[in-house]
Amino acid sequence: MRNHGPGSERKDACVSAPDPTFSDDVPADVRERHARLSQDLDDYSYRYYLGSPIISDAEYDQLMAELRDLEAQYPSLVTPDSPTQKVGAPISNEFAPVEHLERMQSLDNAFSDAQLEAWAHRVSAEVPVDAFLCELKIDGLAVALVYEKGRLVRAATRGDGRIGEDITLNIRTIDTVPLRLDESRYPAPELLEVRGEVFLPVKAFEQLNSRLADEGKPPFANPRNAAAGSLRQKDPRVTASRPLSMLVHGIGAHRGVTITHQSQSYELLAAWGLPVSDRIRVVSTLDEVREYIAYYAEHRHDPEYEIDGVVVKVDDVSLQRRLGSTSRAPRWAIAYKYPPEEVTTKLLDIKTSVGRTGRVTPYAVLEPVKVAGSEVEFATLHNAQEVARKGVLIGDTVVVRKAGDIIPEVVGPVVEKRTGTERPFVMPTECPECGSPLGQQKEGDVDLRCPNTRYCKGQLRERLAFIAGRKALDIEALGYVAATALTQPLEPAEPPLRDEGDLFSLTVEQLLPIRTLVLDPDTAEPKIDPKTGKPKVVSFFANQKGEPKKIVEKLFQQLEEAKKRPLWRVLVALSIRHVGPRAAEDLARHFRSLDAIAQASEEELEAVEGIGPTIARSIVDWFSVDWHREIVEKWRAAGVRMEEEGADDGPRLLDGITTVITGTLEKYSRDGAKEAVQKLGGRVTGSVSRKTDFVVVGANPGSKYDKAVKLGVPILDEAGFEVLLTQGPEAARAARLSEDESVLS
């Protein structure tokens, strides 16, 4: 959610620019730029408030920063009407206006560690701070609830900070908002004004958009817009049909209760039955604040709601009063903003690429833009139906999203910015790599596929790159350029590999003559050499003297290591459709050898936990193809492992045991811990349930730890994990953490 907003007056969807004091020391071009920025920011904020923004939060923040810089350089430009001095949003005439009991302020932002440190030093220089409260900054809609003698009497949007809109009827439809406070532990105060954030959980947002698409209605761009649109419905029944939720994060006006610390207020709010986040932490140093920020930067998608940063507050309320506020924000709090995950940019073109299983996928060619900390030029569009559903046209300004390590995707168009020159995308009818006619694998498929699985060089390149990946045989030296060199070299005319079966039979003599294009792994398009402006060509395996580069020795060493990988990794490396790591692990644990899997019937495959009819049919179909079986035999002849370790040794120590691993372990990487369990016959899953036997916790465990405590699942620290691996489940249960022990203490 933005921490800034437009003014309270609006005429014809556009606010008049502020009338700054015209002094001789302000150049005319600066005054003009200030007026333009002020007008634009007010307009952008109004559209944001309505749930239909036309620029991203990141772009808004950049413009606001520019305006602040101008006003810092020329203080005479600062007026009460400047966007830098205002809070919230304008009041529409669709809801009754209501005055807040206490002004709902915004927050100042920190976009870097240096800005966070500067804030902390300013605060500590004025008051003796001994504790900070850290909480997640929910990307939702700010509201205020008013309770009188424990009964909800009013709810309002933030509005301009002084006057909001009465949304009481709509708020009453949200299940998590109590209509009466719970007084079983503490009596309800005479008056209580509660501040919080209304949001739409991510899964609920996806379901809502799917339903809207089925009804032929335009989808929402993101959960924040969906929450705003849902909460501002004239008909409360529409709001009730949307699974909105709320978390409260502060108290405004109050009578009949004494608040000494921010953290104490949260304890009271929770006791009264109000929804409070379970991810709040009170810390004593700035370094601990940094640790909290860093943890949720990495685990940004653990919560059920979207976040865009961390709010840091001075915990002591008496110190908050001493620090006071500016006209728009408290001095005792700051919002540390994470790099934006959504930005707007130009959709230059839509092209297609072929994947390892033959699926031909449209992708967006974008005007380069920075999102989530990295520059993005391409984004996935999944399939032709998805392009149509999103309503994007070539030439559109589009919203692009990149969440963590997830591949960037185009969310949708900014329709208001269309010029009439945009054009629709037409899905090609031929493979972009080999020219084979595209078709559906079965009736009703949304994907078009290239059927030329054996001879399409594009598919082979993608399969080879996949084999080298961490989820398969983990051959670091066999990257995307090497995969291209081995399957589609410019020289020699005949590639060293005709299929992946030959991978373990490569020789140095085959590699040295190779010259190849350098392709982009996201698009398979040639990369351009900035010096020549032409496609980049390299001699990948040989130096200028024609001698092997170090990469050659490394490649052959890693190929030998790959032969010893666990059976499940070999199964994944075969690129059988629908068989990912989880299914492969289940199959390897059950059948113990690749031959047994190849010979199993559909019924026998479906009998394995986690294997359904789609996966079973896909496996049977794959092994029925002659050249697929030839790949297996070539690998077997080269010495690739085809059985589970100890396949003939009978039952193993952790047979039937399901484990979840969370947090950072000292002796094991996440994959290493997982494989240690699997070698002993155990299963590692990604979620905690009543069927989970153990949860292993390291440093900074996430919500899985909390769920394990709630469900009573045995929790092991790293020492207990060693007991599990060496002595088995019975001994591990005896080594579990007791209820009064905590990995978080």
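For all residues, glycine too, the Cβ spot is worked out from N, Cα and C.
As annotated in Swiss-Prot, region 'Disordered' covers the listed stretch 1-27 rather than the other ranges in 1-27, 649-675. Listed ranges 156-175, 216-235, 336-355, 676-695; the one Swiss-Prot annotates as region 'Disordered' is 216-235. Between the candidates Lys149, Lys203, Lys313, Swiss-Prot assigns the NAD(+) site shared with Asp57, Ala58, Glu59, Tyr60, Asp61, Ser106, Leu107, Glu135, Arg158, Glu197, Lys337 to Lys313.
Across all of the domain 'BRCT' (649-738), the predicted model scores a mean pLDDT of 87. The most densely surrounded of the binding-site residues Leu107, Cys434, Cys456 is Leu107 (count of other Cβ atoms within 10 A of its Cβ). For the recorded site, Lys313 (NAD(+) binding site), the DSSP three-state label reads strand. Ranked by Cβ neighbours within 10 A across all protein chains shown, the binding-site residues Asp57, Glu59, Asp61 are led by Asp57. Report note: the Zn(2+) site is defined by Cys431, Cys434, Cys450, Cys456, and the residues of the same chain whose CB lies within 8 Å of the CB centroid of those residues, excluding them, are Val354, Gly358, Pro432, Glu433, Gly435, Ser436, Pro451, Asn452, Tyr455, Gly458, Gln459. Around the Cβ of Cys450 (Zn(2+) binding site), a 10 Å sphere holds 24 further Cβ atoms from the protein chains shown. In the three-state DSSP scheme, Cys434 (Zn(2+) binding site) is classed as coil.
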